[in-house]
Amino acid sequence: MFFKLFTIFFFFIILLSKPLNSSSQSLNFTYNSFHRPPTNISIQGIATVTSNGILKLTDKTVISTGHAFYTEPIRFKDSPNDTVSSFSTTFVIGIYSGIPTISGHGMAFFIAPNPVLSSAMASQYLGLFSSTNNGNDTNHILAVEFDTIMNPEFDDTNDNHVGININSLTSVKSSLVGYWDEINQFNNLTLISRKRMQVWVDYDDRTNQIDVTMAPFGEVKPRKALVSVVRDLSSVFLQDMYLGFSAATGYVLSEHFVFGWSFMVKGKTAPPLTLSKVPKFPRVGPTSLQRFYKNRMPLFSLLLIPVLFVVSLIFLVRFIVRRRRKFAEEFEDWETEFGKNRLRFKDLYYATKGFKDKDLLGSGGFGRVYRGVMPTTKKEIAVKRVSNESRQGLKEFVAEIVSIGRMSHRNLVPLLGYCRRRDELLLVYDYMPNGSLDKYLYDCPEVTLDWKQRFNVIIGVASGLFYLHEEWEQVVIHRDIKASNVLLDAEYNGRLGDFGLARLCDHGSDPQTTRVVGTWGYLAPDHVRTGRATTATDVFAFGVLLLEVACGRRPIEIEIESDESVLLVDSVFGFWIEGNILDATDPNLGSVYDQREVETVLKLGLLCSHSDPQVRPTMRQVLQYLRGDATLPDLSPLDFRGSGKMLGMNHRFSESCTFSSGSSIAYSIVSGGR
C-alpha cells in the first residue's frame, strides 16, 4: 500500500515538473544557411529560399511583403503572468537596391504572438502593421527595424537607421546604422550597400534592457551596443511567441536577404554562427536589357534623336496647320471699318469650350446659342451661331449688326460683337443668368413668375421696343419678337435680345424687305401678304407676347382630341365674347393678382394683334396704356366686328377693319432669308 502511494506521489511530482504548454519548444536553434527545404521555417508572401541557401524575403515585385517564421512557438514565460525570460539572437542580413542611392523600404526582425501577419501592409509599414492597427497595444509585437526610407509620419530620423519598435512603427529608440569599435569610435554603415552585416539582439530579464548591436560581416561583436533601451516586456509578450523576419517593397526595385540565424532563450548569448558556412551576398547585377541600355543605348540614341526630331517636326507642322484651319476666319477688306466690333473665333471657341452641348442654352430655326466665358476678361457671354450660306447682302447685314451693337438701353441685351467664319456668322451677347422667358411660362415650369414679375417684364420689353422704334438714331425693326427672345437678368428684368433678323431704316421711311422672316405664331398677316416688315409688324408680335405672358400658353397649340391647331388669340377673344376674359389668365398665377392690370394686358394684346396694321397702337401708346399715363379705349368684342372709326378717333374702328384672328396667325411663315 505504501509503495502504491509513493508511486502516485512520485508521478504527480513529475507531472508538475513538466511545462504547462504541451506544444513543442525549442530553447535554441542555429541556421548557418537555409537549405531547401529549411527545417521549421515557414515562408509567406513573396519570400523564397534560394538554391544557395539564402532566405530571400522579397524580390523585385513592387508594393509587396515577404515573411519568414520559425514555425515552433517559443516559451518566453514560465506562466502567463510571469516575467519574460532572457533571450538572445544573432543574424546576418543584406539589402540590394536597384538604384544604389535609393531603396524601396526596409526589413525587420520581430517576435509576434501568431505565425502569420495577415493584415500587414507593404511600403512604409514593413510588412509588420497596417494603417488600422499601427500603435495598438493588442499587437503584442517587438520588432527591430532596419529602415531605408525616412517616413516623417513615424518620426524617422533619417533614411538609414535601426530602431527598437514595440507595437508600432514609431521607434522607442533609434540610431544611425553603424557600430562602435574598440577605441570607442563610431563607424557608419549603409543598409543598401549590398554588403552582409551581422546583428545581435539581447534581452536581460534582470535589468529589462534590450540591446541591438551591429558590425560588418566577419567582425567580432562590438562591446558597446548601437541601440539600448530599458523596457519590461512582460506586458508585451504572451507566454508563447513566434520569431521571424519581415520585409516590404515600394516602387523602387529592392531585395532583402537573411543569410544566417541563431537564437537562444534562457541563456546568455545565442549560439555563434559558423561564418565560413554563411552564404555570400548573391550576385545581383543588371539584366540583359539593362546591359543593352548601358552599352548600346548611347549609339542607338545618336541614331534615334535625329529621327525623333524629324518626326516631331512633321507632327508639329501638321498640328499648326490643323490648328490654323480650325480657327480660320473669313475677313474681307470692307470689314476693316468694323474691326473693333469683330471678335476672334479662337477666343469664342475657348470661351465656349469648343461649343459643347453641355453649354448649349437653346436652339431654333436660325441657330444655336451657347454659354461661354471670355478667356481674358472672364466675362460671361452668349454666342449665337447663325448659318450664312448666302453672301448676298452680307456687308449690309454686318453693318447693321455693328450699328445695333452701339445701342444702349437697360431693356435690350447688349450685342458685344460678331465673328465670321466659313459659312456661319457668330453673334455675341451679354449672358443673362435667368435664361429666356418661355421656360417660365409653358409645360409646368419648375419656377413660375408671379404677376408683379410678369408685368415688370412686359413693361421692360415694351420700353426696349419703344427705344428701337422711336428713341434711337434710326428705326430698328426687330422682326423676331417672341418669348424665347426675351431674356431675364439676375433681377428678372425683361431684356429684348437676338437682333439677328433686325433691319434698320431712317425715321420716316420703311425698310426695303421683300422676304417674310420670323417665327410661327408671331407674324402679322400684312407682313405675310406684302413681305414688308414695319414697326406695326413688331407691335403685332408684341401683342401675341402679351397674351402669352398673361395666359401662360403658346401662340399655337394642338388640341389632343381634334388634333387641330388652336390659336391663343382666338381663345382669348372667345373668353372676351363670353364676358369672362379673365378666365383666360394663367392658372399658375393663382388668385392673387391685379385684375385691372391683367384685363388691360389681355385687351391690349388683342388690340396689338389686330389684323389691320393701321388699328394697332404704336409702342409709345402701348407704354402709356401699361404705365397708366393713358386710358385704354373702352373696347368691346363688338368694336372688333362692327363699324366705327379708327383707333385714336373716338376710339372706334372702321367697318372695313374686321378682327380676323385666324388669318393673322394661321399663315405665319418661318424663313431663313432676309
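Glycine too: its Cβ is placed from the backbone N, Cα and C atoms.
Marked as ATP binding site by Swiss-Prot: L361, G362, S363, G364, G365, F366, G367, R368, V369, K384. Less than 8 angstroms from the CB of S363 (ATP binding site) sit V369, each of them six or more residues away in the same chain.
Here Swiss-Prot flags 355-632 as domain 'Protein kinase', drawing on sequence analysis.
For N21 (among others), the entry in Swiss-Prot reads N-linked glycosylation site.
Swiss-Prot lists N28 (among others) with the feature N-linked glycosylation site. Cβ contacts within 10 Å of N28 (N-linked glycosylation site), excluding its own Cβ and spanning all protein chains shown: 16. Taken residue by residue with DSSP, N28 (N-linked glycosylation site) is part of a strand.
Marked as N-linked glycosylation site by Swiss-Prot: N40 (among others). Taken residue by residue with DSSP, N40 (N-linked glycosylation site) is part of neither helix nor strand, so it is coil.
According to DSSP, N81 (N-linked glycosylation site) is assigned to coil rather than to any helix or strand. Every protein chain considered, the tally of other Cβ atoms within 10 Å of the Cβ of N81 (N-linked glycosylation site) stands at 8. Among the features that Swiss-Prot reports, N-linked glycosylation site is placed at N81 (among others).
A C-beta separation below 8 Å, combined with a sequence spacing of at least six in one chain, links N136 (N-linked glycosylation site) to N167. In the three-state DSSP scheme, N136 (N-linked glycosylation site) falls into the coil class. The feature N-linked glycosylation site is assigned by Swiss-Prot to N136 (among others), with sequence analysis given as support.
N188 (N-linked glycosylation site) counts 9 other C-beta atoms within 10 Å of its own C-beta, drawing on all protein chains shown. Secondary structure at N188 (N-linked glycosylation site), as computed by DSSP, is strand. As annotated by Swiss-Prot, N-linked glycosylation site applies to N188 (among others), with the evidence given as sequence analysis.
Residues annotated as signal peptide in Swiss-Prot: 1-22.
Annotated topological domain 'Extracellular' per Swiss-Prot: 23-296, in sequence order.
Comparing C-alpha positions, N40 (N-linked glycosylation site) sits nearest to N28 among the recorded positions N28, N81, N188, L361, G367. Around the Cβ of G367 (ATP binding site), the number of neighbouring Cβ atoms within 10 Å comes to 21.
Averaged across the topological domain 'Extracellular' (23-296), pLDDT in this predicted model comes to 92. Neighbour density for L361 (ATP binding site): within 10 A of its CB lie 17 other CB atoms from the protein chains shown. Across the fold, the C-alpha of G367 (ATP binding site) and the C-alpha of N28 (N-linked glycosylation site) stand 89 Å from each other. Rounded to a whole value, the Cα-Cα separation of N28 (N-linked glycosylation site) and N81 (N-linked glycosylation site) is 23 Å.
Within the group of recorded positions (N40, V369), the Cβ with the highest number of other Cβ atoms inside 10 Å belongs to V369.
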